[in-house]
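Database features, via TrEMBL:
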- 1-210: domain 'Major facilitator superfamily (MFS) profile' (DOMAIN)
- 17-38: transmembrane segment (TRANSMEM)
- 50-70: transmembrane segment (TRANSMEM)
- 77-97: transmembrane segment (TRANSMEM)
- 117-144: transmembrane segment (TRANSMEM)
- 156-176: transmembrane segment (TRANSMEM)
- 188-207: transmembrane segment (TRANSMEM)
Amino acid sequence: GGALALLRGKTASAARIGIGLCFLAAFTGNVSILYYSSTVFEELGLSNSLTISAVALPNIVGALLALYLLDVWGRRPLLQLSFGAMAVSLGLLAAALGTQGAAAPLTLPVVGETSLAAVACVTCLPVYVAAYSAGAGPVPWLLYNELFPTRLRARATALCTTLNYCANVVVAQSFLPAVERFGLGNTYGVYAAFCAAGLVFTNKYVLETKGLSLQQIEFMLAQEGTGARAGDAMGELFAETAEPLPGPVVQSADRIGEG
């Protein structure tokens, strides 16, 4: 019983996907990056009004893209694109910020009159924010409700939500100490590594649920680990769930064929 029941039996695969995504989505650093974005912009000598263009607008654009692409591309490709784009954009930003220590975490090389980090911040940060809002932000919450069977869905969603919030608290509370100890560039580099880990995790474990009923998703997850191919599993499911046509319907069809 309880949360441990989710980790055993037929729900083990769903629990692995749900718990893995809730942790990885949190440790991409989105909470801290957004919360302290105006401070970073100020430290880089950029106008606070740029925060709207670099953070708020991409956030809205990403959310709108998610509404459209979830049922066009699917959940898994959207997560892959999201984690991949975040890893690249945040990795480039971390490289531009450099590896300065706690004494001068924002002491940066200058290109002309504008610091290299300022250019990277204005170009890479919007990509990161839009990518998160389009994939790693909303998709896990949808998958929580699709992966778990009805009888366990409320308990499983509550568990994933709690773990996600706890992970976000850890990320938020550790951000400033990490910046003071390792520098902003290295801290962002760690977040970029978690983004890359999210891409690897999605490629290995997350299945595509677009166009599938909850019953089909549950059957596919139950078949995982038995050696059955996904196509064979789906064929068995359709064979098991298919119902014969009622006698009168068959007779009517035969009469039409004879006519």
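Glycine is no exception: its Cβ is also placed from the backbone N, Cα and C atoms.
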Per Cβ pairs under 8 Å, the stretch of 17-38, 77-97, 117-144, 188-207 packing most closely against the transmembrane segment (156-176): 17-38
Cβ pairs under 8 Å between the transmembrane segment (50-70) and the transmembrane segment (117-144), at least three: yes
Per-residue pLDDT averaged over the domain 'Major facilitator superfamily (MFS) profile' (1-210), given as an integer: 85
